[in-house]
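Annotated ATP binding site per TrEMBL: B:Asn40, B:Lys57, B:Glu111, B:Asp112, B:Leu113, B:Asp246, B:Pro247, B:Glu248, in sequence order. Positions annotated as substrate binding site by TrEMBL: B:Asp229, B:Arg346. Residues annotated as domain 'Aminoglycoside phosphotransferase' in TrEMBL: B:31-276.
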2 protein chains.
Amino acid sequence: MSAYHPLNETKAIEIARNLEGIFQPQAQLACREIGDGNLNLVFHITDTSSSRSIIMKQALPYAKVVGESWPLTLDRARIESEALMLQGSLAPGLVPDVYLYDPELALTVMEDLSDHVIMRQGLMNGTRYPLFAGHISTFLAQTLFFTSDLGRNQQEKKLLVRSFTNPELCKITEDLIFDDPYRDAETNSFEETIRDEAQALWNDEELHLEVALLREKFLTRAQALLHGDLHTGSIFITPESTKVIDPEFAYFGPMGFDIGAVLANLLLNFAAREGWDKSEAERERYRAYLLDTVTDIWTQFQDKFLALWEEHGVDRLANTAPGYKENYMQRLLQDTIGYAGCKMVRRIVGLAHVADIDKLQDASAREQAQRLALRIGKSLIKLNRDADSIDQLIVAVHAASAAAKA
Amino acid sequence: MSAYHPLNETKAIEIARNLEGIFQPQAQLACREIGDGNLNLVFHITDTSSSRSIIMKQALPYAKVVGESWPLTLDRARIESEALMLQGSLAPGLVPDVYLYDPELALTVMEDLSDHVIMRQGLMNGTRYPLFAGHISTFLAQTLFFTSDLGRNQQEKKLLVRSFTNPELCKITEDLIFDDPYRDAETNSFEETIRDEAQALWNDEELHLEVALLREKFLTRAQALLHGDLHTGSIFITPESTKVIDPEFAYFGPMGFDIGAVLANLLLNFAAREGWDKSEAERERYRAYLLDTVTDIWTQFQDKFLALWEEHGVDRLANTAPGYKENYMQRLLQDTIGYAGCKMVRRIVGLAHVADIDKLQDASAREQAQRLALRIGKSLIKLNRDADSIDQLIVAVHAASAAAKA
């Protein structure tokens, strides 16, 4: 007896026309469905008589990945819209504005960002985003601090944890990131040329221990409200603007999982440069830019997070206990490095890949990129519990690059 | 528009008479309210024509402690009854049977345990409970393992976490155990004779760091469904039987908090023996019994927990990653020791004390017990992150006892 039904373009226009305060009564509305149809319908609705446009995103009651289809809760539309609104209030301007959420239709109406590009594509094109480290570190610091026990009333936070309970989407992460790549799983997907690398993952006991520990934290540590899927495909960008989208995996987990996701996707692009730059010099310059961005993100995140803590910390003992902040930030860095490594590994041998590498036309460049990404990913996972500086991550990347060339 | 109203003895009998399958139609029911009136009404209802009896526990919409009164959610009655039923299914015979839960009246009808005594009183009397370590280690292993991500479907577990969201009662713990004793808080309560000890707690920076870390885990780590208040006043006992009662503080937290609570209360009794035993020899024998029980509880818990893991572990990577189980159990021991220390300290300088010590008539024996309990508690808190064997806890207790005598 649910009123849910998937929309088509005509119905989407009808709904758009009835939204208050969005379009003029005389608007000439045109609609195009621009989603990939795997998880959601995405309608782009424009008033051709003005420049006004919106996005309407409707969750589908199933997920399709690589031919497979399975049922998936519509509740993720609620989680996504609530996460967007909360993130928007904490990090204004860094997520799309939400105009409406309709629970019956699992529908979110939001700001159109067509003037932005997907960051992954921007990086593949070799574009630089000098404001990105500033923007994303603000997004991370604001959303993570103010949803944690450090920055929010601790009883309110528990109710938020309850509201962002997200078992189905968490399970996707638990399987695809923290299990399947480390065994000969049917869901895995990799080219035969790197079967040796996949097998090495399945047999690396040191790695398994670290991944088990990181998996445990993902399962149990309700530290802050995460975006939950913060790769460069979830970021709309221009050189001036950054917008984080698609938080349907949002739940309360370890902060380092979000920060690590951003760093991992910069490093996946780093590994893929062989195929994207016209010259070696250009490649080295872009790689240096990526690594500088990695360092900047962590450093600026840390500064902003500590400044928020200093000014808005609500936990008396956490505010005052000598050594606690240092201890906290070190563990956060360790988690960030560990999760960055996991996020890299899964994109090479797991179900879902990244275009940065998959779109490399040259098979040998592609294989080289895959091997380098795995080498970096594994070394970050193994480094995680020993790390106490972001420089160690950079050193590990350089070491992996040098070893890959040798 | 709620149907809730506090019962009286007449109404309680009326409800009892209408319960299906409990009393015979011709039962002669007598009722006595036996609660302390601070948080709950507790009705003891007996059929004087048979030996049949039950307990009806009704939550009151407020809490009273030491003269103060504040509103408190009735939802705790739901949490308590659901926790009892879940624990009863996981650890049969180790909690009272629940016959009925009425959400409107916040009322739980359960097994009468009048033939048992409160364990705290039993220990004060010097009674030995040779089966207790076996019983409580089974209770802990079964309830903690099977509500954790190691022993339960991980998506189901997330729904349980949501259902056992318990902000109001968690706040009591967060304040009274993990904050107030470490500052000059109005809620603190201690005798003037040990003001030096209280002040030392407020200024001990090493201690503050450890307590802040343990507090953080209490706030964020949804490891398993805890009883949440597992002191010896929450245990009904005979030499043959152990029943864990009153899980209204139940929520998903760090396992070590429950295990530590049990050990702490044995050690508080250890510290209080000066006043309870007739001779020094008797005292030393009872203290040895208490310490043996502490060791037995941990050792048996560990064996049982690992056996459950071996047989019923659902997390592939946690089951197979070499070194993970050892790492897990070591962290669990460390948490146990740290929380045991916190639980001891709060009972000496915090709001709520224990009868083992408060009921000592001789002021000097009482002071001695308080100082010894604090010495043990502090040393356990400082030991926690370095511990890798339960023997270290025992050594710390002996060292504190020796230092207290010096």
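Glycine is treated like the rest: Cβ placed from N, Cα and C.
Feature annotations (TrEMBL) mapped to structure.
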residue	record	DSSP class
B:Asn40	ATP binding site	strand
B:Lys57	ATP binding site	strand
B:Glu111	ATP binding site	strand
B:Asp229	substrate binding site	coil
B:Asp246	ATP binding site	coil
B:Arg346	substrate binding site	helix
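Across the fold, the C-alpha of B:Pro247 (ATP binding site) and the C-alpha of B:Asp229 (substrate binding site) stand 7 Å from each other. Residues belonging to the domain 'Aminoglycoside phosphotransferase' (B:31-276) score a mean pLDDT of 96 in the model.
The two recorded residues, B:Asp229 (substrate binding site) and B:Lys57 (ATP binding site), show a Cα separation of 17 Å. Spacing of B:Lys57 (ATP binding site) relative to B:Arg346 (substrate binding site) is 27 Å (Cα to Cα, whole number). One residue stands out among the binding-site residues B:Asp112, B:Asp246, B:Glu248 for having the most other Cβ atoms within 10 Å of its Cβ: B:Glu248.
Taking each of the binding-site residues B:Asn40, B:Glu111, B:Leu113, B:Pro247, B:Arg346 in turn and counting other Cβ atoms within 10 Å of its Cβ gives the largest count for B:Pro247. Rounded to a whole number, the C-alpha distance linking B:Asp112 (ATP binding site) with B:Arg346 (substrate binding site) is 31 angstrom. For B:Lys57 (ATP binding site), the count of additional Cβ atoms within 10 Å of its Cβ stands at 22 [all protein chains shown]. The CA atom of B:Leu113 (ATP binding site) is located 29 Å away from the CA atom of B:Arg346 (substrate binding site). If you measure from the Cα atom of B:Glu111 (ATP binding site) to that of B:Arg346 (substrate binding site), you get 32 Å. Counted over all residue pairs in B:Asn40, B:Lys57, B:Glu111, B:Asp112, B:Leu113, B:Asp246, B:Pro247, B:Glu248, the record's binders of ATP, the longest Cα to Cα distance measures 18 angstrom.
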